[in-house]
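According to TrEMBL, the transmembrane segment annotation covers 21-40, 52-71, 78-95, 167-185, 215-239, 287-307, 343-362. Annotation comment: TrEMBL describes His299 as active site.
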Amino acid sequence: MKYGLLIRAGFWFSSKSIREWPVLMCGLSLPLLALCSYAVEKMKIYFHIPEWIMFVLHFAISTSSILYPVYVIMRVQPALIFGINLMLFSITYWMKLVSYAHTNYDFRCLRQESKKDEATVDAQQYDYPQNISLKGLAYFMVAPTLCYQVSYPSTNRIRKGWVFRQVAKLLIFTGLMGFIIEQYVNPTIQNSQHPLKGNYLYAIERVLKLSIPTLYVWLCIFYTLFHLWLNIIAELTYFGDREFYKDWWNARTVEEYWKSWNMPVHRWMVRHVYFPCLRKGISRDGAVFISFIISGVFHELCIGIPCHMFRCWAFLGIMFQVPLMILTDYLHKRFQSTMVGNIIFWVFFCIVGQPISVLLYYHDYINQNSSHFKG
């Protein structure tokens, strides 16, 4: 009623989108790095190259999956949405490459141990090096999982009607998300001030006004990504493990939320960060802290690189979860209530945290671009 219909004619597609073709080509060329990882593993089998050389080669390959998209984004300066999608895709690829290299290294270690003392080891070990195949690697790279295994639970058919319905829902909720952003989020942030530089009462009013539409957008992102998109990919690849999330909305503590919100990333962190840290003698709390540092860095990359600025708001937001975890865990034990921690999670993370982050990045982005134009 106040602004009228704000959806622009070029909302779905614009002629300017054609200029983003280097971003598309970058994303399509990233699978070549998986072939490089495959070649490195084959070199280990045939030429018995030392493990330290394997580490250097895999490190160079996986790092390239981040640096290459970063270079393209900084050079091309695409639209924000294209840059964020490319960074999300590249980080996903990086995590898959790390898991592929790390898991095969563990297989080699198990194989050496079994040769020394003839101990009984995981049955998957006996498939090494037969598991090093292009078919297995290609399946892993497209499957909706970040943790490499020799085999996965599978289904025996594709439900075409079910896939069609999920795709229809995906399009509807993507459009709804875009409508909320264009109609409600953009006008609110455009009529706001920097939350750290203006009137604090006005900033609080803007944050509260933003809290509902940003919460709806966040829920739409969760539904389209974890419930629709990943299930569509799983159905098309006959992938049987569909536990992409748990009931995070009922989390009694912030720690429970992070264990149930994004199961593919959680499992990757546990396997490739948390347990290796424990094996190195690092305490449980230290391993959790390192996991949050890695998560914070990648959250910052996803936003900072497409915005061409580093303000560390995303990183600080992730690291702020650590004291919140301690607080909610203490309150849960102190009052023996499932409600206290859940209320704190919804208030700090969903109602206050996300609108503040949106305002901080928006105003820093606008100020940076205006200074460039003036220069």
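Quick reminder: no glycine exception, Cβ is built from N, Cα and C everywhere.
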- May I ask you to check whether the transmembrane segment (215-239) and the transmembrane segment (287-307) make contact, with contact taken as at least three Cβ pairs under 8 Å and only pairs 6 or more apart in sequence counted? no
- Taking the transmembrane segment (52-71) as reference, the highest number of CB pairs under 8 angstroms among 78-95, 167-185, 287-307, 343-362 goes to 78-95
- Query: Same chain, outside the transmembrane segment (343-362) by at least 6, Cβ under 8 Å from its Cβ: which residues?
  - Reply: 185, 189, 192, 194-196, 203, 206-208, 210-211, 214-215, 218, 251, 253-254, 257, 303, 307, 311, 313-314, 317, 320-321, 324, 327-328, 331
- Message: Neighbour count, 10 Å Cβ-Cβ cut-off, for His299 (active site): what number do you get?
- Response: 19
- Given pairs 6 or more apart, does the transmembrane segment (78-95) have at least three Cβ pairs under 8 Å with the transmembrane segment (167-185)? no
